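According to TrEMBL, the features are:
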type     : residues : note
COMPBIAS : 175-194  : compositional bias 'Basic and acidic residues'
COMPBIAS : 195-214  : compositional bias 'Polar residues'
DOMAIN   : 217-231  : domain 'CCHC-type'
DOMAIN   : 236-251  : domain 'CCHC-type'
DOMAIN   : 303-381  : domain 'Peptidase A2'
REGION   : 175-217  : region 'Disordered'
Amino acid sequence: MATIGRVPEFEATKEDFDSYLERFERWLAANEIKDGKKADVFLSVLGPTEYGLLKGLIEPMKAVELNYAELTETLSRYFKPKPILIAERLRFYQRHQSQGETVADYILALKRLASTCEFARFLDDALRDKFVCGLTGEAYHRRLLSEKDLTFKKACDIALGLELSHRDTIELSGHAERQKGVHKVSDARGEKSTQKSCPQGYTRTKQPTSQRSKPSCYRCGGDNHQNSECRFQKEKCHNCGKVGHLQRVCKASKRTARGHKVSDTAQEEEGTTETVVELFTVYTAQQLKDGIYLNMELAGKQVKMQLDTGASVSLVPERLYKEKLKECPLQPASIRLSSYTGDTIPVLGQIQVPVRYEGKEWTLPLVIVKGEKSALLGRNWLQKIKLNWGEIFSLRNDKPVSQATLTNMLEKHKELFKDGYGEIQDFTAKVRVQKGTKPIFHKPRPVPYALKEAVEKELDRPQKNNIITKVARSDWAAPIVVVPKKDKTVRMCGDYKVTVNRCILPEEYPLPNAEDLFATLAGGKVCSKLDLAFAYQQLKLDPESEQYLTINTHKGLFRFNRLAYGISTAQHLNSLTCELSWLRR
């Protein structure tokens, strides 16, 4: 007679006996094997080593003389002897969440340890208490200890939600880490690199890759743990598709279009390795009227130096060197200066100069260049000299404006500053997908209890302004990503990388680079910054495109009527619309 399924031979080196016995008894039940045959079948599935072990355990009796219950009980006592209760509970209470261990893995480990502790009706309380105490991180403790009538299941749900929120925060933006240190803007194609906010006369430096400090963990970019301890070891990269790292640290060149990437250069090394310093424009010292200048004492002489937090090295022109610093011997310098056009600017050499500022003294390297340029105070000196930045960058009002003038100006242009969402006229955004694409529908993700109220408010606001519309059904649906903000509100957008971004047709409109934007400022005297509130959501969606931007939340399905954040082509569509709108004026 044919049997349902099969059970392999039991080998103690490959499987726990209790787990094997559970599978074996389910197989017996599925095949309706009677009690009289269970012992024979059981003996037939024992491996040779395990069968010999059984014979030794029951000597002088024979295996055929025992029934099924006696055989399994004999092996159970051998493979899993009754543990010492106090020792098992000690192991349970000493278990803490390990570095890099996920909340789900920690929950599973606690349940396994508790299975031999005989907590009986106190099992839930014991698991809850140990789970809360053993979690690593103050955020978990603050949230869980504030919850009334906390059960083990509820504690697990809250902790899993917090972990998911933290992971999505890193995956979505990573802004917090990128704000540390001085930021360097480099072309994603890896050709030239520049930095912004450059004083007149000099620009930023481009250090060799080997000189930049690197994070210790290549999986997430963190610097507080090793690769083997990272909690994102099993995460899938949304850029290259490989498992083991996040998109923001991916080294693949899949997405290398006309965008720019931002990387930190918070630490630079001193040495003789060749450094390239690029210049956008060249001015004489007389033309440099603006900027921040500091009076430094170099080799006992007063020198006025321009502060540049973006330049890696400090520089002075040949004229100043001959006038005030010629007693410092000139040495060869392994540094190359070039203009924006690629023209080389001669470097005479480098000196070691005694520096005195606000009562403190240092001996620092200083590069000497040809030409009439301003002395430049760069980052290699700023690492040694601690400036009072609060005093340097204090605000002052050179041209006071009366309150009446400001009120009249705001009243005249009140349409620009009113609350709510604006609307770009005469343009609509169209999201195009590949032909034959099958709709993708995802169920909503759980929202942490602490964030539910804020998420619901964030859903109500665009719904009242007709940005989103609640719908009963949809073939497309993306889950939402929720990121807590410092003001206790949340930033929310659809996780379209798992739905429409997989099949969306790219928009080929090129994004402007930094050089293009800087060129448009030439000749300007007054600069202002205008921030478009909810910029993407000022652009109406083509009716056929609305279905692709549906989001699935714990409050139901919502369909966007305006362009949404998270769509891979949103930046291109918005840039194109803004430029075309400007050309029509």
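Any Cβ shown, glycine's included, is placed from N, Cα and C.
What TrEMBL says about a protein is an automatic prediction, not a curated fact.
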Report the DSSP secondary-structure composition of the domain 'CCHC-type' (236-251) as helix, strand and coil residue counts.
3 helix, 2 strand, 11 coil
What are the DSSP helix/strand/coil residue counts across the domain 'Peptidase A2' (303-381)?
11 helix, 39 strand, 29 coil
Helix, strand and coil counts within the domain 'CCHC-type' (217-231) (DSSP):
3 helix, 0 strand, 12 coil
Mean of the pLDDT scores, which run from 0 to 100, over the domain 'CCHC-type' (217-231):
78
